[in-house]
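Report on one structure; see the data block that follows.
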Amino acid sequence: MIEADRLIAASGRDREEVQDRAIRPLSLDDYIGQPVVREQMALFIQAARGRSESLDHTLIFGPPGLGKTTLANIIAHEMGVSVKSTSGPILERPGDLAAMLTNLEPHDVLFIDEIHRLSPVVEEVLYPAMEDFQLDIMIGEGPAARSIKLDLPPFTLVGATTRAGMLTNPLRDRFGIVQRLEFYSDKDLATIVSRSANILGLAIEDLGAYEIARRARGTPRIANRLLRRVRDYAEVRGKGQITKAVADMALNLLDVDERGFDHSDRRLLLTMIEKFDGGPVGVDNLAAAISEERHTIEDVLEPYLIQQGYIMRTPRGRVVTRHAYLHFGLNIPGRLGEGGDFSEPGDE
């Protein structure tokens with residue numbers, strides 16, 4: 001199973017990038033949720049504009065689908081400048097980065113997604129560009145090679161990553177602003193769904209928007225994807241209007257339950273309960289039992305279930321918590337009762 005194949009996958013898809021562009025907010029006033037980030041960025045941007053300076057280099061990190069690219073575009077829009085976008089894996093050689101840097105206008109934003117995947121040689125070129133707005137380029141080869149310095153206009157680098165821990169210390173230290181995006185509340189997601197529906201010209205009730213939001217795993221990208229699929233259902237079977245009942249029937253048909261779990265999530269939890277008595281079970285045994293790769297369990301399935309308190313990692317293996325039994329309407333084993341060995345999701 002591949003993450004991108006799942007309806008509730010947080011990772012993006014190429015076609016969605018085009019679709020999301022139409023509903024993406026362009027200003028901080030339209031940016032929903034993340035109140036601390038929004039307030040801080042409004043302050044930093046206003047101060048930079050007041051001094052006629054470029055904004056400090058900004059690092060945005062957090063789980064996929066929370067709006068890192070959206071925030072980068074908002075920064076450029078609020079600063080009144082252009083944004084040039086690329087990603088870490090695309091910048092394979094120093095020349096690739098140099099070409100982008102030399103095409104920037106004063107105060108422009110250079111957005112690098114997946115910045116943790118920059119190659120070391122490209123990262124070395126980025127250091128003086130960020131710090132001194134200079135580009136060191138090697139001309140020629142062998143004994144005749146020489147280094148020349150090119151002055152760059154002041155610019156803002158906005159880096160986005162889902163894995164801030166993989167950034168090297170020298171790169172991380174060069175960002176003057178660091179922002180972490182958190183999962184969204186159901187209320188904020190419902191507002192996002194209603195806004196997207198309005199832009200798309202869809203008739204949606206508040207309860208219909210909330211029904212989609214509460215199954216979107218705290219992630220705007222998933223909420224907007226579910227909205228499109230519920231729209232299909234509403235147009236064919238619901239007279240074009242998205243009510244709570246229509247959203248519920250559509251999402252049940254799509255196999256997304258009230259907690260945002262899909263078939264793969266439920267299969268993992270039920271396998272642990274039915275075949276391994278709730279655990280502890282090693283990840284290799286679990287992978288064999290559900291015919292998945294180990295990394296799929298660790299990188300795709302587990303994170304959300306752990307974050308929601310349905311699975312724990314312990315020194316002896318994975319265990320399900322009492323929440324998993326309650327979700328399926330099963331009797332809770334005595335060891336998972338109040339004060340049991342695994343009753344607290346944060347313990348290991």
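Note: Cβ is positioned from N, Cα and C throughout, glycine not excepted.
Here Swiss-Prot flags 4-184 as region 'Large ATPase domain (RuvB-L)'.
Within the same chain, residues at least 6 positions away in sequence whose Cβ sits under 8 Å from that of F133 (ATP binding site) are D151, L152, P153, P154, F155. A coil conformation is recorded for F133 (ATP binding site) in the three-state DSSP classification, outside any helix or strand. Residues or ranges marked as ATP binding site by Swiss-Prot: I23, R24, G65, K68, T69, T70, E131, D132, F133, R174, Y184, R221.
In the three-state DSSP scheme, T69 (ATP binding site) falls into the helix class. The Mg(2+) binding site feature in Swiss-Prot is assigned to T69.
Residues or ranges marked as region 'Small ATPAse domain (RuvB-S)' in Swiss-Prot (evidence: sequence analysis): 185-255.
Averaged over the region 'Head domain (RuvB-H)' (258-348), the predicted model has a pLDDT of 80. What Swiss-Prot lists as region 'Head domain (RuvB-H)' is 258-348, and the listing cites sequence analysis.
Taken from Swiss-Prot, the feature DNA binding site covers R294, R313, R318, and the record attributes it to sequence analysis. Secondary structure at R294 (DNA binding site), as computed by DSSP, is helix.
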**Q.** Protein Cβ atoms within 10 Å of T69 (ATP binding site), excluding its own
**A.** 21
Q. So how many of the residues in the region 'Small ATPAse domain (RuvB-S)' (185-255) end up helix, strand or coil by DSSP?
A. 50 helix, 4 strand, 17 coil
Q: Report the same-chain neighbours of E131 (ATP binding site): residues 6+ apart in sequence with Cβ closer than 8 Å to its Cβ, ordered by sequence.
A: R174
Q | Neighbour count (Cβ, 10 Å) for R318 (DNA binding site) | A | 23
